[in-house]
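Everything below concerns the one structure shown next.
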């Protein structure tokens, strides 16, 4: 099995990249893909860039170039669930756009025309991620992750998301675009991210301070998942 791993920022991929054995690099259209092995598992690690367009472009290149069997989206996220703190883990059971609105034509909030209302994550890899959580004894929440081209920093956008998507546990800027492309290709995916900030009026300060913590925690999670795959 080959596992595709996607992070948006340098800080979100650097620890995993350093762990890749027999590493080779592929660059195109501002994206970087690193292939090799981690824990004996074939991986293709993509640094996509920030936002939905960059994520969709990079995911398409990853799926065409490396043809992974599954995609794990890793990195940082803003926490929405009350039980989440910096360094805790979120696992997607589904993802939605929070900034798409074609409700005038009968679609659900966050649903893009011609697309599912939500993109469900792969149940087998959700279970694998949960097993890794149990082994590492980390605090984690499983649920809806929402994505949009905005860093949520302030009461008004936060209230809008919580009102429109009351079940959302985390917010970030790439996961749904990644899932959308995976859906088009028929490739299973799961989002496993660590909390860098709790979405509120000071979230930009928390993000700057705790991004490295989130990167370390999400890297631990991905490595634990890969170790479980290697043991099968």
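Every residue gets a Cβ built from N, Cα and C, even glycine.
Around residue 12 (active site, proton acceptor), the same-chain residues at least 6 positions away in sequence with a Cβ under 8 Å from its Cβ are 47, 74, 75, 76, 215, 218. Residues or ranges marked as active site, proton acceptor by Swiss-Prot: 12.
Marked as active site, proton donor by Swiss-Prot: 197. The number of other CB atoms found within 10 A of the CB of residue 197 (active site, proton donor), across every protein chain shown, is 25. According to its DSSP assignment, residue 197 (active site, proton donor) is in a strand.
The Cβ of residue 173 (substrate binding site) has 23 other Cβ atoms within 10 Å, all protein chains considered. Sequence annotations record features per position, and here Swiss-Prot assigns substrate binding site to 78, 152, 173, 174.
Take the mean position of the Cβ atoms of 78, 152, 173, 174, the recorded substrate site; other residues of that chain with a Cβ within 8 Å of it are 77, 147, 148, 150, 151, 171, 172. Of all Cα pairs drawn from 78, 152, 173, 174, which the record names as binding substrate, the longest spans 13 Å. Cα separation, residue 152 (substrate binding site) to residue 197 (active site, proton donor), rounded: 10 Å.
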